[in-house]
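Accompanying notes for the structure given below.
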Amino acid sequence: MQTLYLKALEIQGFKSFPDKTVLSFGEDMTAIVGPNGSGKSNISDAIRWVMGEQSSKALRGGKMEDVIFGGTAVRRQQGFAEVSLVLDNTDHIFPMEESEVMVTRRYYRSGESEYYINRRSVRLKDVNELFMDTGLGREGYSIIGQGRIDEILSVKSADRREVFEEAAGISRFRHRKEEAERKLERTQENLVRITDKIDELELQVEPLRAQSEKARKFLVLRDELRGLEISLWLEQLEKIRAGAIKTLSDYENAVRQKEEAQGAVEALYAAAEEHAAQMRDKDVEAEGVRFQMMQRGADANGLENAVAVLRANIQNNLENRDRIRRELEQQEGRADSIGAQIAERKERLEALVGELDALAAELSAKQGEAEETARSAGTLAGELEELRRKEAVENASASEARVLLSALAAAAQELLDRDEAVHQELSAGEERVRQLQEGRDAAQKELAQAREDRDSLQNVLNGYGLRLESRRKKAKEAEERHVKLQMEENALHSRIHMLSEMEKLYEGYSKAVKLVMGEARRGQLKGVHGPVAGLLHVPDHCTVAIETALGGAMQHIVVEREEDGKAAIQYLKRRDGGRSTFLPLSTIRPSDFRDQGVRREAGFVGLGDELVQFDPRYQRIFSNLLGRTVVAEDMDAAIAMARKYGHRFKIVTLDGQVLNPGGSMTGGSVSRSAGILSRANELERLNRQRAGVEEQRAAAAQAMEEARREATAAAYEVETAQAQQRQHEDAILKLEERLAHFDAQLTDASRRRDEQRRELEQIQARSAQTEADTAAARARIEALEGSAAALRAEAEGKAQGQSELQARTAGIREAIAELNMRRAGLEAEQQAAGQSLTELEALRRDLTGDRAERERMLTAFEEKNAALEEEILEKERRLQAIRQENRERQEAIARINEEKLALEARRNQADKQAREKNSELLNLEREVSVLEQRKAAAALEEKTLLDKLWETYELSHEAARAQRVELESVPKAQRRVGELKKAISGLGNINLDAIEEFQRVNERYTYLTDQRDDVLKSKKELEGIIADITEEMKTIFARQFSVINEAFQQTFTELFGGGKATLELEEPEDILNCGIEIRVQPPGKALKVLSLLSGGEKAFVAIALYFAILKVRPTPFCVMDEIEAALDDANVVRFARYMRQMADKTQFIVITHRRGTMEEADVLYGVTMQEQGVSRILTINLNDVEKELHIK
């Protein structure tokens, strides 16, 4: 009996099986029966589909989505279809450890497809390889239906090859060969692509090599120049700084001397100023004396003036006395003369009044006449002005009309010329439009053809694009997974490194522990084993509990002997390193825990020393520390234990709560990952995790490279198609430009033609309008000229009247002016006569009362003169006294002037000395200024050099000193700098990027060259592999074909009850590709080819051939889907019995509706469709078949 068989088939959502359906199969024969349309063939489709069938046509559908249950009137459609095949693998025929192999396929309506082997996601390729050369699979002969019968009976004998190749066991070889040929094809494509890239790079390498060598030479020269320039600048800088130091010293000495000279000058100037101040004091003193002299001189002058006035008064009095005496003698004659003059003045005043009244009347009459004449002249002037204005308007209008007439004449001639020109242009434009239209039609046809070619290529490009997008997506996903795993690995590595460093540095331990362990590592302290926390391993779930139980004891240090602990303590005392507890192995005693009954308590996890792992050497240490500590699951369990055992020992819960001996409790929140033990556990866990991630990353890297290669190949296809598409696009663009050019020219030509037509119409209209405007202009000119002549005649009459009025008005104004002059003269005479009369009358009154007064005045003058003589004598005495005082003051002023002269001499001496000292100071200031300029110049030179260092090489002074080179001689170095600059200049343009670019391109060139060699090597290897596989396939196929031929002859004879049958290769020399001819001779008949047999005979021949194949190469199971439908009842019985004979090597599952087949079956499954569109499975007895399934 076979060792590999189909155990079960699980179907859900596949075709007519919406609900999960499981069919279990034994190692015997199973028949699946049911009425037509019940869905029994869907079972064989399900088996074919789960084994990788990709053709929806082979599954009796239009598209793959049709395999998903589509719903009924009462059931909703399913979202996916899933089929699982369970195979027995007890003898491990499949290369797997499991005794059962489940192959699952799931398909979603979105188009996603998934494959699983033993519930692990795999590829379709993996499923195909699993079934290859087992007779199973979509290309094998494990599922035989009417379609397979038709294939083997096909007129095209080549269509039979797949069955024979699978039976011969060369499918795997052919798959390997085809895979190798695909690899060879890809290799050839890669070789072409690599060769193209190498050819492209070869054009770049040599120019870049030359540029790179020149750039490298430039860098060597530049570096030498840099070193020399920096060193020369530093030499120059040192000289500048040395000179600057001397200049600074000279500057400081000059400043000190200048300050001393400045002090001396200031002292001399102060002395001179002191003398000048004393001189000013003397001037003030002399001025005071002069002021007193002036005051007394003024007094003397006053007295002199007063005496002179007094003497003048005396003289005046004498003269008045004599005048009064003479006036008294003349007064009598004057009185008579004044009376006669008064009478004459009164007579004249009366005559003047009469003359003025007559003149006023005449003046009033003349003024009235002048006003009337002025009003008439104004009216006439206004009328004349209005006439002249109207005449001017008419003349202007006439001029405008004449100008318009001239313009109209010119326009008419221009329109005539333009009409002729436009007619000529219109004829040329219509011809141009016709030519352009013909050109555009031709371009339109070319463009349509080019677009059709472009669209055809676009369809091809879209297919390539979809393939590229799929492969890029796959590559991106693979790369993202690789990057994600790489980042995860890096993160783990960083975390492990950090934790390892923390462990190595004893991070989290006390200062004392760190010092002791450091000294122990250096070998200075003996017998030190390490801190407690570093000597044990704790399971993750107990970490918090053990950390809590140990507490500070985690940092206790385990030592070999007490002496070792003593030495460590003395070391800590010397280093002032803090304190630590030491646990000598030689003295620590284990704990004795007697309450063993606690082990049976609910929630008991274990004793502390039993839950941790450690070296047996430290048994007593951990028994001492944890031997009396119980670990409980939770607080409730801990409290129950503590109460029961009287709080005699410490209990710690897994989450770190503590019940201390004696009854006290310690608890709260506890960090899950901050402890020393947590760190060690995390480090161990991370190392395990990193190993897994590294393995995953390596696999992901391999998948990523494979995906990238596939994407590169797809990209090459797209690039090639895109290049062709670009050529089409360029051609279309040129044609579109050409068509657009024609359109633009045609539009422009049509527009110009239409404009010319419109212009002709406008010219005709404008010509008619011009003629009408010309006639109107001439009529207007005549009317305006007549109106202007009438206005001009009327204005001339008005002008004559105006001249007469103007002459009359001028005569009246002259008469008025003369009358006004006469009145002014009479009025002045009247005023003078009146004033003279008043004065004469006053004089006459004065003469009457003045004689007595004059006689009194004569007596008064005599008395005044006597008093004035006395006053003169007094003032002359006072005048003599003042003159004496001023002579004394004059002497004082002379003395003060002498003292001032002495002070002036001393001041002049000080000024002279100050000027001399100041000259010295000026020399010193000039020297300081020169030194200051030298100092600034040195600083500037230093700054310039430092700036040059920075701007040229971006170096500070200190950085430049570090790059200084030893100079043999400065002149020689300067000459070398010139040579280097000349050499650099001679290199021309330098491309420094060429060094890196050449390196990159050369590396790429070398890499591609190596890759080409590898590809050529791979190509040769693949060609060898293909040749070897081909030879092996020929050998195996020839051997197996002979065996199958013999078996076919046997099965044919046994099934037909005689006769002959043979298989022949059409072209034996091409054994792997030629067709296979089947020749049969049924009993009692002549040798025939298949095409001459009846339908039943053909089917029986095919069955005989399949049985022969199964004899030679049995398949683990075989599904036969109504292949005996064309046989008569007798042959059905023969078929069934023969199948029974072969059932010891192959498990048969037969889908049938023939009774003879059902009678040979061990198990019957019935398929019904009690619910419309939904298949159900029934296990039935043969006797119930007819009743249940209506089979006759």
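Cβ coordinates come from backbone N, Cα and C, glycine included.
No curator has checked TrEMBL annotations; they are predicted automatically.
Look at TrEMBL and you will find PRO35, ASN36, GLY37, SER38, GLY39, LYS40, SER41, ASN42 tagged as ATP binding site. If you look up TrEMBL, you'll see 170-271, 300-369, 426-495, 826-941 marked as coiled coil. Summarising the annotation, TrEMBL assigns compositional bias 'Basic and acidic residues' to 749-761. According to TrEMBL, the feature compositional bias 'Low complexity' maps to 762-773. TrEMBL lists 526-642 with the feature domain 'SMC hinge'. Annotated region 'Disordered' per TrEMBL: 746-773, in sequence order.
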- Could you pull out which residues elsewhere in the chain have a CB under 8 Å from any CB of the compositional bias 'Basic and acidic residues' (749-761), counting only those six or more residues past its ends? 418-419, 422-423, 425-426, 429-430, 432-433, 436
- Collapsed DSSP category at ASN42 (ATP binding site): helix
- Note on the structure: Residues sitting within 8 A of the centre of the PRO35, ASN36, GLY37, SER38, GLY39, LYS40, SER41, ASN42 CB atoms (ATP site), not counting those, run SER16, GLY34, VAL1167, MET1169, SER1175
- Item | Packing count at ASN36 (ATP binding site) (other Cβ atoms within 10 Å of its Cβ) | 7
- Message: Please identify, from the binding-site residues PRO35, GLY37, GLY39, the residue with the sparsest Cβ neighbourhood, meaning fewest other Cβ atoms within 10 angstroms.
- Response: GLY37
- Task: Average the pLDDT scores across the coiled coil (426-495) and report the rounded value.
- Result: 78
- Query: Tally of helix, strand and coil residues over the region 'Disordered' (746-773) according to DSSP?
  - Reply: 28 helix, 0 strand, 0 coil
- Note on the structure: Row SER38 (ATP binding site), column other C-beta within 10 angstroms, all chains, value 20
- Cβ atoms near SER41 (ATP binding site) (within 10 Å, other residues, all chains): 21
- Chain-internal residues near ASN42 (ATP binding site), provided their CB is under 8 angstroms and they sit 6+ positions away: PHE14, LYS15, SER16, PHE17, SER1175
- Message: As a quick check of your reading of DSSP, tell me how many residues in the domain 'SMC hinge' (526-642) are helical, how many are strand and how many are coil.
- Response: 61 helix, 22 strand, 34 coil
